[in-house]
Amino acid sequence: MAFAMVSTAVRQSPTIDEPVYVAAGVIYLTEHDLRPNAEHPPLGKLLIGAGAVLTGPRPGPAFTGDQQAAGRRLLYESGNDAQGLLLAARLPVIALTLLFGLVVFAFARDLTGPAGGLAALALYAFSPDVIAHGSLATLDVPMAGFLLTSAWLLWRARRRPRLFLPLAGAALGAAVATKMSALPAVPVLLGLVVASVWSARGSSGRRIVDGVAWAAGAGLVAMAVVWASYLVVDPRLRWTAPPGVPDIDGPRGLAAAWMPFPEPFRDGMRVQFGFEDLRWTGFLFGEVYIGSRWYYLPAALLVKTPLGMLAMWTAGIAALFAVARLRPAALYVLVPAAVLLGAAMTGARDLGVRYAIAVPMFLAVAAGAATALRWRWTPAVACALLLFVAVSSLRTYPFYLPYSNEAFGGPSKTRLRLHDSNADWGQDLGRLADRLRDRYPDERVWLAYKGSGVPSHYGIRASDPLVVPPGQVRGLLVVSGSWIAKSDPRLTPLIATSEPIDEVGHSITIFRRP
């Protein structure tokens, strides 16, 4: 897994969100300015920035309020080695992803023994989605991993509450301090604090009172971690709300106003609520639509999860209910995953399974429970399914981001059914430069690229086909998969009258236009 993530990270150009997070992390550590990327708390970006700062980057101009411009300046306009800086920023997330694999193993081993732990670890280590997003300088995997760690510590707290409950609170706080989409899990995990104390206290008549007290204590620890993540950036918490923070009314506005966190966090919540009020463009199974569909994430997970993994998940969930000694674990494994998935399904942005990355992480633990089923063929079937998962994952290397399982045609067909971070997130600009240089030297290139990379930095000399009359577009027409998916009326006629001749990384198509 480490080899797959590092070797993938070395080659991939910046995905859309990464320059913003890298620049924010560097600014937090060098300028102690909380303004960049206020819509997310700082902890994950501090880790990303720590990796970047170790390379000694030349700082760009002081932050002026445009976070996309700040990322572009840091990577491409300040004399830094863009790919080296990006790799350094990705390495802390890779390290965290590997550590979360140990949590998966330990959690499943606690439930079903070494066999279950190894099965869960294998599913986690070969998960294309975990590898894809765990090798990027983004926040999705760290947030989900901290929540998984909190759930595991709460399970262990059933035996030793004094040791593990404070640690579980700290892990919960780390998740919230990384990304606000962890908030729906907070009441669930605090409820599990009560359940753990109830189990640990046996026949004590004070179980409920003690449980509530411990839940309050764990909540205070989580709150302290969130506050600490802001104080590390600026001990004085200097803050002026940036332009564009929306006024949010109703229950959401009250939630943002009364949340017991620093003002930058509360303004970040308002920004996130503003995003949820927008109407985003979605793409599912070849259909472009405006808005969101409740079934988008389950459908996307069905496409992007290996078939053997789906089978192991199903068997593991069944085992958690069928095996009496495992039934309490369903509260700690399945309920947080279900709540996080349900919350993500109500969101306005149908932009990728990364919004539900907690599902393959929690369900890897659940799948380990399948080894507890009392059936003589269980070991053989489990090994066969794990081998199927491993082969499917290895076959997609190094193109993990656009992975689709065999039932949906594999990675080369993902762009026909899904877009954005499911398939094309701007990650193949460097590979495109190599392809154009090796196979199409000296040809006229027209580029419709979706991403944060700067084509000229990679040696790509291209014109924009969207700003000239169609008759002037002749030669190579290079189009990102997300542009194709959105059926832009300026681009669709050009594609219809061009011949596809090549593809790069299953995310970019090269057409020849006469």
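From the backbone N, Cα and C atoms, a Cβ is placed for every residue, glycine too.
Averaged over the domain 'ArnT-like N-terminal' (38-232), the predicted model reaches a pLDDT of 95. Under the heading domain 'ArnT-like N-terminal', TrEMBL lists 38-232.
Annotation comment: TrEMBL describes 85-108 (among others) as transmembrane segment. Sequence-distant contacts of the transmembrane segment (85-108), counting only residues of its own chain at least 6 positions beyond either end whose CB sits under 8 Å from a CB of the stretch, comprise 1-2, 5-6, 9-10, 13-14, 18, 21-22, 25, 44, 47-52, 54-55, 57, 74-75, 116-121, 124-125, 130, 134-138, 141-142, 145, 148-149, 151-152, 155, 333, 361, 364-365, 367-369.
Annotated transmembrane segment per TrEMBL: 130-155 (among others), in sequence order.
According to TrEMBL, the feature transmembrane segment maps to 167-200 (among others).
A Cβ distance under 8 Å defines the sequence-distant neighbours of the transmembrane segment (212-233), meaning residues of its chain 6+ beyond its ends; these are 28-29, 32-34, 41-43, 46, 161, 165-166, 168-170, 172-174, 176-177, 186, 189-191, 193-194, 196-197, 260-262, 264-265. Taken from TrEMBL, the feature transmembrane segment applies to 212-233 (among others).
The feature transmembrane segment is assigned by TrEMBL to 301-323 (among others).
Per TrEMBL, the feature transmembrane segment maps to 329-348 (among others). Proximity of distant same-chain residues to the transmembrane segment (329-348), defined by a Cβ-Cβ separation under 8 Å and at least 6 residues beyond the stretch ends, is recorded for 107, 111, 144, 147, 151-152, 154-155, 181, 184-185, 188-189, 192, 195, 275-280, 291-292, 294-298, 317, 320-321, 355-356, 358-359, 362-363, 365-366, 369.
Here TrEMBL flags 355-373 (among others) as transmembrane segment.
Among the features that TrEMBL reports, transmembrane segment is placed at 379-397 (among others).
Long-range Cβ contacts of the transmembrane segment (379-397) within its own chain (Cβ-Cβ under 8 Å, at least 6 residues beyond either end) map to 4, 8, 115, 119, 122-123, 126-128, 131, 306-309, 311-312, 315, 370-371, 403, 405-406, 410-411. Taking Cβ pairs closer than 8 Å, the transmembrane segment (167-200) reaches residues 39-44, 139-140, 142-144, 146-147, 149-151, 153-155, 157-161, 207-208, 210-212, 214-215, 217-226, 228-229, 265, 268-269, 272, 328, 331-332, 335-336, 339-340, 342-344, 355 in its own chain, all 6 or more past its ends. Tertiary neighbourhood of the transmembrane segment (301-323): same-chain residues 119, 123, 126-129, 329-330, 333-334, 353, 356, 359-360, 363, 366-370, 372-373, 382, 384-389, 392-393, 403-408, 414, 417-418, 422, selected by CB-CB distance under 8 Å and a gap of 6+ residues from either end. Non-local neighbours of the transmembrane segment (355-373) in the same chain are 100, 104, 107-109, 111-113, 115-117, 119-121, 123-124, 127, 129-130, 133, 140-141, 143-145, 147-148, 151-152, 181, 297, 300-301, 305, 309, 312-313, 315-320, 322-323, 326, 329, 333-334, 336-337, 340-341, 344, 347, 349, 379, 382; each lies 6+ residues outside the stretch with a CB under 8 Å from one of its CB atoms.
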